[in-house]
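J.: Structure in structure tokens, see below.
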Amino acid sequence: GVGFKAGVKDYRLTYYTPEYNTKETDILAAFRMTPQPGVPAEEAGAAVAAESSTGTWTTVWTDGLTSLDRYKGRCYDIEPVAGEENQYIAYVAYPLDLFEEGSVTNMLTSIVGNVFGFKALRALXXEDLRIPPAYSKTFLGPPHGIQVERDKLNKYGRPLLGCTIKPKLGLSAKNYGRAVYECLRGGLDFTKDDENVNSQPFMRWRDRFLFVAEALFKSQAETGEIKGHYLNATAGTCEEMLKRAVFARELGVPIVMHDYLTGGFTANTSLAFYCRDNGLLLDIHRAMHAVIDRQRNHGMHFRVLAKALRMSGGDHIHAGTVVGKLEGEREVTLGFVDLLRDDYIEKDRSRGIYFTQDWVSMPGVFPVASGGIHVWHMPALTEIFGDDSVLQFGGGTLGHPWGNAPGAVANRVALEACVQARNEGRDLAREGNEIIREASK
């Protein structure tokens, strides 16, 4: 007789295992599931575990040639989401053997590659991943990390200041370099290529790199401080990207940047390796993130993209702001900011952190706050993000009625005033506006 019956089989018979005790080497995932009407939560959770690991819709002859029990993903817990009808958090454990070492690309292909189009689900969102040290140790992570970057730049005890050069498209290389110089001379630490500045007809990358390097060295000589500009090395091929990074290194600039989602994790990890080997810092921009993380009930939360980036490698990552948003969002933002820069982060559901994450000794990433912030936000930003952050003001620098350099001066003065006030024990939340007003005299 035949060894098994043909036909469609319930996933939960194999993949829903509430009695399973997770191993410390397992990769754990928390999924927010919205099953189709009539699909039980256990079946939906089991389906997610199956389709993102060893399963298919039926038993196959070749299942007999391997040990499913050793390799299968397991849905080990399901809890309803408070305040939502028909939404559940499904917890899935994956054996470490399912993943290629040192490949964020493979990890994401396995966990979120296929299952999100699954018919039995109306929507699915990966809320969090627990990366065990046994896996994270196969990655080198950020090229340098927060501490090494501070040492390279010789800047301590305060957040760093940046500015994206606007108008982001249309300036010639010479004028672009001039704008960079004005900002850095005024007191910023960094300026930045916009994420869509690559190598367009109005400004080819090589010309931009040259004029920006000139601006860096001139402003460095005048201020006696180390200056940087995130030169965007993102390109259409990995070879071209590395060629741009090599040229940046030959010019002697301190930092390059990459759009890690549009460029892809494979390209990003290659660039991070190059930067580590050649002493370049790496700024990461998250262009395209909202396509993935904007919907509450479908996609991937940004904290998952942030963890993936820390493994793939970057020294800065743009992480949005918290100013003027809702309180709850502030806690969640701080949750993934800590996941980026701390060694050990406790599970805390109020901050959106579903698992305790131990990064062991993997270097941290500077979160970059940018997007619609200006000098009056400085007290709040200093208080919320603390010292290990980069505060990036685009329009908040270049929009100064007297020009870029005075705009940069205003930001630097405000930052120094806030840091000093905090160190003297003043309450930034209460006295913030007063502190800025005093400083502006």
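Note that Cβ sites are derived from N, Cα and C of the backbone, with glycine treated the same way.
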J.: Record says Asn114, Thr164, Lys168, Arg286, Ser370 bind substrate. Source is Swiss-Prot. Which of His316, His318 does it list for that same site?
T.: His318
J.: Using other CB atoms within 10 angstroms as the count, which residue among the binding-site residues Asp194, Glu195 scores least?
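T.: Selected from the binding-site residues Asp194, Glu195 on minimum Cβ neighbours within 10 Å: Asp194.
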J.: Which of the recorded positions listed here (Lys192, Asp194, Glu195, His285) have a Cα atom within 10 Å of the Cα of Thr164 (substrate binding site)?
T.: Lys192, Asp194, Glu195
J.: If you count the other Cβ atoms within 10 Å of each Cβ, which of the binding-site residues Asn114, Thr164, Ser370 comes out on top?
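T.: Of Asn114, Thr164, Ser370, the one with the most crowded Cβ is Thr164.
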J.: Around Lys5 (N6,N6,N6-trimethyllysine), how many other CB atoms lie within 10 A of its CB?
T.: 8
